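Copied from TrEMBL, the annotated features are:
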- 1-10: compositional bias 'Basic residues' (COMPBIAS)
- 22-65: compositional bias 'Low complexity' (COMPBIAS)
- 208-497: domain 'CDC20/Fizzy WD40' (DOMAIN)
- 1-70: region 'Disordered' (REGION)
- 92-113: region 'Disordered' (REGION)
- 253-294: repeat 'WD' (REPEAT)
- 336-377: repeat 'WD' (REPEAT)
- 466-499: repeat 'WD' (REPEAT)
Amino acid sequence: MDHHHHHHHLPPPPPRSPMENSASSKPPTPASTPSSRLAAAPSSRVSSAAPHPSPSSSAPTPASRTVYSDRFIPSRAGSNLALFDLAPSPSHHDAAAAAASPGAPPPSGSTPASSPYCALLRAALFGPTTPDRVASSASACSSSSSAGASPVGSPATGNIFRFKAEVPRNAKRALFSDGDDEGVLFPGVFTTRGTGPRKIPRSPYKVLDAPALQDDFYLNLVDWSSHNILAVGLGNCVYLWNACSSKVTKLCDLGVDDNVCSVGWAQRGTHLAVGTNQGKVQVWDATRCKRIRTMESHRMRVGALAWNSSLLSSGSRDKSILHHDIRAQDDYISRLAGHKSEVCGLKWSYDNRQLASGGNDNRLYVWNQHSAHPVLKYTEHTAAVKAIAWSPHLHGLLASGGGTADRCIRFWNTTTNMHLNCVDTGSQVCNLVWSKNVNELVSTHGYSQNQIIVWRYPTMSKLATLTGHTYRVLYLAISPDGQTIVTGAGDETLRFWNVFPSPKSQSSDSLSSIGATSFVRSYIR
């Protein structure tokens, strides 16, 4: 279990206005610099090493005096063409001789991968072979060539490469396709997304000061609204930072006897819920900076909040989850009991039909809209489950991350009740969020590497590892356009990273035109 770690009481920092651009906004020097210097050092000695004598040049060269020149003119006499496997061995005797010569690889026939690879390479470079040339190209790749065929690269043709008129323009690109096309390794046509993996900047483009941002695993103190407003809980106050104008507004002050434990924006982005240390849940109208109502049914702190249109769910240290309807008179309309310890993660699915909750009891539960008991119970995690994220791309796909003793991100299909995958990240998982624009997700981590990882789904290959926070990266939110994430930590900084591409750069089918237009409208407004 991830027990609450009290951090040492340091002397108070000099007074700073919250969320001003930090002096430390210049990108931090990467920790890897010394090791990269060390790695580069041996290369300086490479020039002093004598070149290996080539196997074919047995006699010493007659000219022993050094000729200085600005050009290097290679000598074919000293080349070992057997290394390139260009022509098949005409006889077994030659093959044996080639294998015996030092530095030469075994004949191509003994390498099972060489023949298909050769064929693919040839197809990629020269396009489809016409029937009358099939024999010659096949013989060039197999050591058992028929005597009549004239293989490419053999002395009979004189040329290593023969160029053909019928090469389609996209054939030469097929070899380098990124393989994203549903497992097709060599699709003929290249995808529009560009040649290589996306470049993700390794340092934040903005760093904001967040004085007194708590280093507490169970709190959720940062959220980004659909109107591009960042809400941050600092001590007993909530501040709003406008991402368009960089203007900071103090929304509320809970007074000296209470602290902010969670903040959560409603989908439309005008109402902000605030969970407090005393167990209160307040709802604020951010446009007018007015408190609409206060619900006081929890007995202990409220560290997790999740909206479902006008329904607000709150998770508390008192182990319960309450559903509040902000249109109804009652404090809450239902109580969900099931967790044996503090509820620290809470997320509604995109269709608002399922609520996932994670607890300090290492449990991940899934509830229906009207169920008083969990409909699915997952007990595989071995530490507190704070990180929870529903996929915006696949209905019922849920990701969850475990704390220090667990370190794993697990994937679940809640429709079929299946455990799909488990990835050990090597560090405590504090947060997860999916990209809306591409099938990727971000995780943030605590002990011991305090890193941020961008993953491609479903391969779970790492696209980037971002470092810079000096404390556990406990807070994470994603911008309304889905391109930027903000991370917060006990080092009292908020860091903004560009990690995902824009929706426009994706193929048109990944974002429906209706979704795209409504997104643009809500972003500009």
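Placed from the backbone N, Cα and C atoms, the Cβ positions cover glycine too.
Confidence in the repeat 'WD' (253-294), given as mean pLDDT, stands at 96.
Assigned with DSSP, the residues of the repeat 'WD' (466-499) fall into helix, strand and coil as follows: 0 helix, 17 strand, 17 coil.
Sequence-distant neighbours of the repeat 'WD' (253-294) (same chain, 6+ residues past either end, Cβ-Cβ under 8 Å): 214, 218-227, 229, 231-238, 240, 300-307, 309, 312, 314, 316, 318, 322, 324, 326, 480, 522.
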